[in-house]
Amino acid sequence: MGRGDIELETNKVYDHDDVADVEVPSTAHQISSDSWFQVGFILTTGINSAYVLGYSGTVMVPLGWTGGVVGLVLATIISLYANALIAHLHEYGGQRHIRYRDLAGFIYGKKTYSLTWALQYINLFMINTGYIILAGSALKATYVLLRDDGLLKLPYCIAIAGLVCAMFAICIPHLSALGIWLGFSTIFSLIYIIISFLLSLKDGLQSPPRDYNLLGDGFSKVFTIIGASANLVFAFNTGMLPEIQATIRQPVVKNMMNALYFQFTVGVLPLYLVTFTGYWAYGSSTSVYLLNSVNGPVWVKALANITAFLQSIFASPMYEFLDTKYGIKGSALNVKNMSFRIVVRGGYLAFNTFVSAFLPFLGDFMSLTGAISTFPLTFILANHMYLKAKKDKLTSSQKLWHWLNIGFFSIMSIAATIAAIRLISVDSKTYHVFADL
């Protein structure tokens, strides 16, 4: 039983470092099965997903060279720090916390458990929405390259993307089953990253001087800058670190830190490369989807868009909760298990797809996700949980540091939420629902 009286069904497992027995909550998914390198690759693939094609337009354009470069570097450092805090609490209190909500419930109690659960799934829903918008945008861009007749509009492409995402979610039972797909996903990422970098570099070398001035004026510029700050932290965080850490082998803290160091050193380099080169090449006119700005052979651009579409297909730790709750165990091909995934995961992604087509504003969704879930989950809650769990071991200056983090990111979360809602409202009036952008 945890401090917050959150009662969990647990199984005893032995710590492979011969340190102690650690209780592990029951789950329908695999625990302690992956190396730190595989987990590091999952995290690295995540930050270099097709979202990387949006940061030139959604981060650099609103913030400019100074704000964008400094902001991305600072976001990298503070994200590593915040994730390290969470990773070090994974076995806090002699129990392995394989879900973020379990950790929050253990430290605070049932109300925070429920709040964290809600924030996590808002976060996942918003991230999934962005992935489907990205996949739809990539599909439409491919179609326009091959046959620009205006028949296949963005909402139709988003519907197709949602269908493919649902098929993938049905076929992949849990995160550890991503082993083979991770290889393909890495290849897809390399293809669109290399192509977008080389074509941007070519365009930048051949183009006249670009305009790098910040767009908008007055309050409009302020709201845009605040919204972009939420995009900065969105780039590096999932809000699901304990769920990902649950798959790593013992010793879980040491191995998770190795995975995080890999993610935030080697893993961020492709993101930096594409983001900075894209903005350098096109300046303030850079598209929210970088491949819409580049020039080059049709087949090369088509290949980049197709690989971006395929890489946008994902597997979500959200399904672990549903599978465990309804006792979905055993063979993934079992009729009951397959039927459950078709109905539940398919239904969830159908609604996700509808929202994506209804409001297909990628940058706005990134800002809103960062504001209402990434800031609270990754920065506010992480600092406060660590402060509460380690309060007897922290000096006064360390406690003050954590309180300053909590206060600063709370203000940023509120400001960025207001800015993101305003951006969605403005775009909804500028365009329309089910817009063909």
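Cβ atoms here come from the backbone N, Cα and C positions, even for glycine.
TrEMBL: automatically predicted annotations, no manual curation.
Under the heading domain 'Amino acid transporter transmembrane', TrEMBL lists 34-421.
What TrEMBL lists as transmembrane segment is 36-53 (among others).
TrEMBL lists 65-89 (among others) with the feature transmembrane segment. Residues 55, 59, 97, 100, 103, 212, 225, 228-229, 232-233, 235-237, 241-242, 245, 253, 256-257, 260-261, 263-264, 268, 272, 275-276, 279, 378-379, 382-383, 385-386, 389 of the same chain, all 6+ positions outside the transmembrane segment (65-89), place their C-beta atoms under 8 angstroms from a C-beta of that stretch.
If you look at the transmembrane segment (118-139), the same-chain residues 6 or more away from its ends with a CB under 8 A from one of its CBs are 49-51, 53-54, 100-101, 154-155, 157-162, 164-165, 238-240, 289, 291-292, 305-306, 308-309, 312-314, 316-318, 349, 352-353, 355-357, 360-362, 365-366, 368-369, 372-374, 376-377, 437. The transmembrane segment feature in TrEMBL is assigned to 118-139 (among others).
Under the heading transmembrane segment, TrEMBL lists 151-171 (among others).
What TrEMBL records for 178-199 (among others) is transmembrane segment. The list of residues near the transmembrane segment (178-199) in space but at least 6 beyond its ends in sequence, with Cβ under 8 angstroms from a Cβ of it, reads 38, 41-42, 45, 48-50, 52-53, 172, 270, 273-274, 277-278, 290-291, 294-296, 300-301, 303-305, 307-308, 310-311, 315.
What TrEMBL lists as transmembrane segment is 219-239 (among others). Under 8 Å from some Cβ of the transmembrane segment (219-239) lie the Cβ atoms of residues 43, 46-47, 51, 55, 58-59, 62-63, 67, 71-72, 74-76, 78-79, 82-83, 100, 119-120, 123-124, 127, 264, 268, 271, 363-364, 366-371, 373-375, 377-379, 412, 415-416, 418-420, 422-423, all in the same chain and six or more residues away from its ends.
Look at TrEMBL and you will find 260-282 (among others) tagged as transmembrane segment.
Annotation comment: TrEMBL describes 302-322 (among others) as transmembrane segment.
The feature transmembrane segment is assigned by TrEMBL to 342-359 (among others).
According to TrEMBL, the feature transmembrane segment maps to 365-382 (among others).
Positions annotated as transmembrane segment by TrEMBL: 403-424 (among others). Counting residues 6+ beyond its ends, the transmembrane segment (403-424) has Cβ neighbours under 8 Å at 223-224, 226-227, 229-230, 359, 361, 363-364, 367-368, 370-372, 375-376, 379-380, 383-384, 387 in the same chain.
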By Cβ distance under 8 Å, which residues at least 6 away from the ends of the transmembrane segment (342-359) in the same chain are close to it?
125, 128-129, 132-133, 136, 154-155, 158-159, 161-163, 165-166, 169-170, 318-319, 322, 326, 365, 424, 428, 433-434
